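Structure first, then comments.
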Amino acid sequence: MAETGHEGSALSRGLHGAGGGCCLAQAGCHSFACSCGGAGRGQDKPLLHSQACWQRPGRCWSSLGGVLGLCHFPRSGSSNQAVSLQCKYCFRGGLLLLTPRLGGEGAPQPCMSADSALLNTMPQPPTITKQSVKDYIVDPRDNIFIECEAKGNPVPTFSWTRNGKFFNVAKDPKVSMRRRSGTLVIDFHSGGRPEDYEGEYQCFARNDYGTALSSKIHLQVSKSPLWPKEKVDVIEVDEGAPLSLQCNPPPGLPSPVIFWMSSSMEPIHQDKRVSQGQNGDLYFSNVMLQDAQTDYSCNARFHFTHTIQQKNPYTLKVKTTRGITETTPSFMYPYGTSSSQMVLRGVDLLLECIASGVPAPDIMWYKKGGELPAGKTKLENFNKALRISNVSEEDSGEYFCLASNKMGSIRHTISVRVKAAPYWLDEPQNLILAPGEDGRLVCRANGNPKPAIQWLVNGEPIEASPPNPSREVSGDTIVFRDTQIGSSAVYQCNASNEHGYLLANAFVSVLDVPPRILAPRNQLIKVIQNNRTRLDCPFFGSPIPTLRWGGFLLFLPLQYLEMTMARKEDQGIYTCVATNILGKAEAQVRLEVKDPTRIVRGPEDQVMMRGSMLRLHCRVKHDPTLKLTVTWLKDDAPLYIGNRSVFKDDGLKIYGVAERDQGDYTCVASTELDKDSAKAYLTVLGKTVLPVYCHRPRDLELTDLAERSVRLTWIPGDDNNSPITDYLVQFEEDRFQPGIWHNHSRYPGSVNSAVLRLSPYVNYQFRVIAVNEVGSSVPSVPSERYQTNGARPEINPTGVQGAGTQKNNMEITWTPLNATQAYGPNLRYIVRWRRRDPRGSWYNETVKTPRHVVWNTPIYVPYEIKVQAENDFGRAPEPDTVIGYSGEDYPKAAPTDVRIRVLNSTAVALTWTRVHLDTIQGQLKEYRNLWVSKKRQYVSFPGDRNRGIVSRLFPYSNYKLEMVVTNGRGDGPRSEVKEFPTPEGVPSSPRYLRIRQPNLESINLEWDHPEHPNGVLTGYNLKYQAFNGSKTGRTLVENFSPNQTRFTLQRTDPISRYRFFLSARTQVGEGKTIMEESPALLNEGMWSSNCFWLCCGVGGGDGTCMSRKVQVRESGDLQSNQFNTVTGLLFPSIFFPAYTKNHVDIATQGWFIGLMCAIALLVLILLIVCFIKRSRGGKYPVRDNKDEHLNPEDKNVEDGSFDYSDEDNKPLPNSQTSLDGTIKQQESDDSLVDYGEGGEGQFNEDGSFIGQYTVKKDKEETEGNESSEATSPVNAIYSLA
């Protein structure tokens, strides 16, 4: 119900908001009626309800004190078009009635206050605003103030009753009443007894419209009686016997706080053996010899007098015996096995059980038939008391406490009954009506027993009040119909039962007020052209006035005129008139229409170098009658105009732009009526564009210091043009791990302050690390240290487990608490254990290390284990129980009846008879079989089973097998040895297959035997086929004897390559195949390992060629990536093959002689081209070809030309420089691939190179070296062509 929530917010603002004239109809507004809530209410009946309502067609809301009515009426001339009428009043310390307002779709409108003169003339019955508490206890040393304040119009007068009778304040000189207030002041400075004024007081506030009542105030004087004198004898008690020392403090008002101390003012140490009960007595579950080392005195502290009274101390004499007899628990309080307790709803319930016994019993609490109330229970006084806060009816039932030690247990049942004093379901609310209106007051309360409802009017029972024909009382509801002027009154509702009462005042005010305009006279409304505007005329009156605008009668009581688009011709003066039967009121509104504010030229996105000047435009056009304000924002925050910035009407200048200036810049042009904005983004480029790590935060400060929290504030460092995304807060403590920093929490990069959660008893020191996309900053300088106070641990150790390390022990280990979990000094652990038997006794040991070993334990027996943390402030909550086991011993028996069934050459199936569980002597982990063949191996079968499969055996092998059973200690005895063979299988592939090509006519093959024959070899199968590119020949097959490992194939085609498939075979079948291909001619030892090319270059003045380093492949595998570097004269890509010893002599071949002649002719042509190029382009006029100025010290400038240097790394003029300042190398690191197409060359069968020559040129080299064309021999050929 969003509308109801809106009105609630309007009420919370009190008299601030906007509104209009008066609607006194609770629903219906004037002569119309609408219904709210409630089935069976028709739309034609007025609402009779004390709550205000919202209504839309088919829907209705209620809102206490917020909206009186929201109804829909047809507009004039249109019966089917609905409008929304909203009738409001605000009530907060005074009365304010507001006019209805027209809103689209019934939308609620905000609330607006009336003037103070109106409020002063509005009649209002009295309302009690302040009063003393019902049970009022005062200090006898001070004056007594009984508060009673009220408001109303006229101002109320006050009177009091005491013990039900009129209290005449004027007759007692000690009693006075504050001016314009009903507060009583009883002054004892001149003497008198405060006890004489004890009694029951009630305040009455009256004016012309009714009487309001306060609650009955029971006044009592605080008492601090002395302790009666008594002689306390020495108490003799046997060691181990229970004992209770009674306190019996004197009755005080309020009851004193009890605590026990020795006569030397030392507090008595309390624990689960010695503790104080809720009645103040001190209970000993069993007396020990050291209890006689001090005396015991009960002390009572009284609140009002701030005094402590001490009882004569008790002295104990403990009689010792040879040994203390262990006893079962018995209850010292309460007595017996059951008791009952009554508690009122809403208060805290405290149940207590104190038991005796040796050793001191532990107390546990339970609820019969369910769990203890979640989130409301708390154990106190060493678990002897159970507190349930804010008790409700659901907490009724039977609770029982269980007291137990190792000798036994006993329980006590407490039956809890929850009663309830009266509490409100619907408290009556003030009701404001117009003459003839209907309404109702509702007073509903609940309690146990059910409270009785009594109505009073002006402080008198309603039955004894004058009859009112418009009023009808029906139980908890009073209905008003057709109320009349003069029937205003204050009604009281009293709801009471045997446990208390509630009293509420609610007035019914019937108003008759002539019209009044709430807006100031001659108000001025300014609006921007073509914008929506509204002329308001808020008014007030009862009955609701009608309203006229400019002489036209509006058929709806609307207080404003609305214009969807204001134009210049709409300017002028408008008059509104409000009229009812008591008179009329009018006001004038002047409307002015202004030109809009527009930015005609705004800033634009810019990219600037660091140190340059930035200019951002912002040219504005606006109405000259309005004051213009231009402001600049940077990243949506106000821009600081410093000495680097100049602000003018048409823009902004920033000198010396820096990285921190980067961001969004927004120009905002605003007047009192409107505004316009334009945004642009500035990017700042520095000398380096790489982001750097952000600077570390600084100036760490700790504030808001609390027990478990502290606020850490820091100043962010420079983000270095990369926004900070996170802040990592770390802490260091100096007790457990000094000098080691731990991560505490992480926060967004937009914050610089955070509240840190702290743990008790830690001496904290903090530091902050900033993180951006680049990385993390160095840590900040650490903050000052902050020490938190100690407390008892809140958690127990985790990871508790018990396991034996030897057969006669059990090692209990756990994960210790860290520095932020210890919570106090002297952290230790209480280790408790017992055999997993409800009758077993608990043993305990207190240790400081996270390990405890229990010795002399039976073999592999379950134990219940608890580990509880404790420090000097107390113990952690009761820990959970963990099951552990004592140590294991080796198994005593081996599996029997082991049987083996061979499945195939690599797998067998096993079955065996399981060992008896008693012989395992631990936790059964697995059955393991061991076998011996070529090496010892094993296979495990986890769990308790009697079969399994062993796979991945070697075929054609003999095995010996044994079985053992394994537990956590190790292996048991081995079973009887079983032997079995595995059958033959197919062999593995041959170890290798080597292929060599000694010449062009034959191929030699060589291979080795398989690594795993898996049987008796019967021979080898060789399959091969020729292929050339994607074409393949038919497959041929050769069979060899098992001893043959070589084969020579005579080639029928010297160009094609061959693909070979070789496999071995046994009687079972053919094994895995190995595949190899014959190498290409380039890779098979036919070429020397130092191949190079020659390329003609433009040399120096002596005509020599440049020396170039080139890399060539090593001979061998085609996939090899190893290169040798050779240096030599470079000629145009002529490849010289050098034959190795394994080749035919082709020097006498005719085709070879022809090839050599062709090569010689080509070399001759290239030499001619080189000399022609040298004579034409060897020297270049510098100033004719280059625009840039050469260094005058250059020796080549003298004759107006320059030479190409033979130094590899010296750049040519105008060559480009990379971003890191280095010079690009020009062709000095070329390889064969740079001049080949696709990185590979092709050769004819005679070895000649037929690849196409290409030159690989980068874009930068082409643009940066204008004369590089002359250095390329390929380009030289192109020029010649």
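Note: Cβ is positioned from N, Cα and C throughout, glycine not excepted.
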Which one of 319-341, 779-801 shows up in TrEMBL as region 'Disordered'?
779-801
Counting by DSSP secondary structure, give me helix, strand and coil numbers for the domain 'Fibronectin type-III' (796-889).
0 helix, 47 strand, 47 coil
Is the compositional bias 'Basic and acidic residues' (971-981) packed against any residues at least 6 beyond its ends, judged by a Cβ distance under 8 Å, and which are they?
890-896, 898, 900, 902, 908, 912, 915, 919-920, 928, 930, 956-965
Quick one: DSSP breakdown of the domain 'Ig-like' (329-417) into helix, strand and coil?
3 helix, 55 strand, 31 coil
Over the domain 'Fibronectin type-III' (796-889), work out the mean pLDDT and round it to an integer.
93
Based on Cβ pairs under 8 Å, which of the stretches 329-417, 422-509, 696-791, 894-985 lies most in contact with the domain 'Ig-like' (126-222)?
422-509
